[in-house]
Amino acid sequence: MQNSISPPTSTRLHRNVYEVIQSYVQLTKPRIIVLLLVTTGAAVFLASEGQVDPVVLLATLLGGWLAAAAANTINCLYDRDIDQIMERTSLRPLPSGRVRVRDAMIFAGVLAGLSFILLNTVTNLLAALLAQAGIVFYVLIYTHWLKRHSTQNIVIGGAAGAIPPLVGWAAVTGEVSWSAWVLFLIIFLWTPPHFWALAIYIRDEYAEVDVPMLPVIAGNEVTAKQIWIYTWLMLASTVLLVYPLGDCGLVYVVSAIALSIPFVKKAWLLLGDCENTEVARSLFKYSILYMMLLCGSMALDSLPWAQQVSYTVAQRVETLLSLVSLGA
Ligand code: HEM
Ligand SMILES: CC(C)=CCC/C(C)=C/CC/C(C)=C/COP(=O)(O)OP(=O)(O)O
């Protein structure tokens, strides 16, 4: 007989199924994947020059999601010892025992395999191999080799997080052009301000588990200076899509300039007040919004109406300049 206080068996079963699914989803670090996919999507739009094939777009996003989910699951497996100690990560599915190690391994293998099959079948081999390279780089170079051994861990290891746009570009064109490498460069240079801002306000947690993040070893002042330098390098790299590559036009230019102002302001504030964790938190949060909107502006800019706007404005400017030079 059913106990009058406990919920009926079917409700409990539903709750259990829901909790299991939730645990596996958490293992993939889903919120981070959203932004990785936004960068992939931007590459698909740019490479398609306004003629996006919805099947390619969907397959690339799904394949990219599967690969990133596999990479994050393996990272959770590898780091479960330190994740158990850090407050921020202690409730993750592996340290809290909600998912078994063996099951997580199988899950990661299945995700990686499905990613390869999907990308290779619907797009091409290069895109599939690049996604697998992203997993290998993130797991071996970042998680295994650098994370616990170098203050430059996220600079070099951060290259893994810059691979998704290469996957997107390759999925559309079958190759990786200069424009794809510029997208890679933008995300590569964005990663230090993104992560070190966070590392400044959770420095003690990393110190507790002996992970040599820059603020732990070199202090906040050095980290804030590095953030300042990388911010400018990253902003300079965003120009390359306009000149010399000519991939983006007016919508992107206006957005990139507007979005860069708060970035510089927050990095500047941190430079002057590097112990202020609220400023660091605000820069970390803004770095995410910045990348999301910058990629959105690239996608918008690739659409025919935006190309038309850029063309019309360029023509008017040219006419104006020739009138000015005639008058001079
Ligand atoms: C080595 C490079 C990177 C490191 C070490 C890093 C590290 C982190 C960490 C520790 C967090 C906090 C996660 C948490 O609270 O559990 C975070 C959040 C986040 N990261 Fe990164 N990150 C890197 C690169 C990237 C890249 C390339 C992207 C996407 C393009 C990205 C997107 C995000 C997003 C969207 C969040 C917020 C997640 C949330 O709202 O919970 N990160 N990052
Ligand atoms: C193409 C492809 C599949 C590329 C892989 C891209 C990828 C999964 C990037 C993740 C970057 C990231 C969130 C690092 C944080 O790891 P962490 O271990 O420092 O974070 P934690 O302390 O929160 O665990």
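Using N, Cα and C of the backbone, Cβ positions are placed for all residues, glycine too.
Any TrEMBL annotation is an automated prediction that lacks curation.
Per TrEMBL, the feature transmembrane segment maps to 32-48 (among others).
Per TrEMBL, transmembrane segment is recorded for 54-78 (among others).
Among the features that TrEMBL reports, transmembrane segment is placed at 99-119 (among others).
When Cβ-Cβ distances below 8 Å are used as the criterion, the transmembrane segment (125-142) is approached by residues 60, 63-64, 67-68, 70-71, 74-75, 78, 112, 115-117, 119, 153-154, 156-161, 163-164, 166-168, 170-171, 174-176 of the same chain, each at least six residues removed from its ends. Annotated transmembrane segment per TrEMBL: 125-142 (among others), in sequence order.
Positions annotated as transmembrane segment by TrEMBL: 154-172 (among others). Sequence-distant contacts of the transmembrane segment (154-172), counting only residues of its own chain at least 6 positions beyond either end whose CB sits under 8 Å from a CB of the stretch, comprise 36-37, 39-44, 46-48, 53, 56, 59-60, 63-64, 67-68, 71, 119, 123-124, 126-127, 130-131, 133-134, 137-138, 141-143, 145-147, 179-181, 183-188, 191-192, 195-196, 213.
Residues of the same chain lying 6 or more positions beyond the ends of the transmembrane segment (178-202) and with a Cβ under 8 Å from any Cβ of it are 39, 42-43, 46-47, 88, 154-155, 158-159, 161-166, 169-170, 213-216, 220, 223-224, 226-227, 230-231, 233-234, 237-238, 240-241, 245, 247, 263, 267, 270, 274, 277, 280-281, 283-284, 287-288, 290-291, 294. The transmembrane segment annotation in TrEMBL covers 178-202 (among others).
Among the features that TrEMBL reports, transmembrane segment is placed at 227-245 (among others). With a threshold of 8 Å between CB atoms, the same-chain residues lying at least 6 positions outside the transmembrane segment (227-245) that come near it are 46, 178-179, 182-183, 185-186, 189-190, 192-193, 196-197, 252-253, 256, 260, 263-264, 267-268, 270-271, 283, 294, 298.
Residues 193, 197, 200, 224-225, 227-228, 231-232, 235, 238-239, 241-242, 279-280, 282-283, 286-287, 290, 293-294, 296-298, 300-301, 306, 309-310 of the same chain, all 6+ positions outside the transmembrane segment (251-271), place their C-beta atoms under 8 angstroms from a C-beta of that stretch. Look at TrEMBL and you will find 251-271 (among others) tagged as transmembrane segment.
The annotation transmembrane segment is assigned in TrEMBL to 283-300 (among others). Remote same-chain residues near the transmembrane segment (283-300) are listed as 35, 38-39, 41-42, 45-46, 186-187, 190, 193-194, 197-198, 201, 227, 238, 241, 248, 251-252, 255-256, 259, 262-263, 266-267, 270, 306 (criterion: CB distance under 8 Å, separation of at least six residues from the stretch ends).
Listed as Cβ neighbours of the transmembrane segment (54-78) (distance under 8 Å, sequence separation of 6 or more from its ends, same chain) are residues 27-30, 32-33, 36-37, 40-41, 44, 48, 92-94, 101, 104-105, 107-109, 111-112, 114-115, 118-119, 122-123, 127-128, 131-132, 134-135, 138-139, 143-144, 160, 164, 167-168, 171-172.
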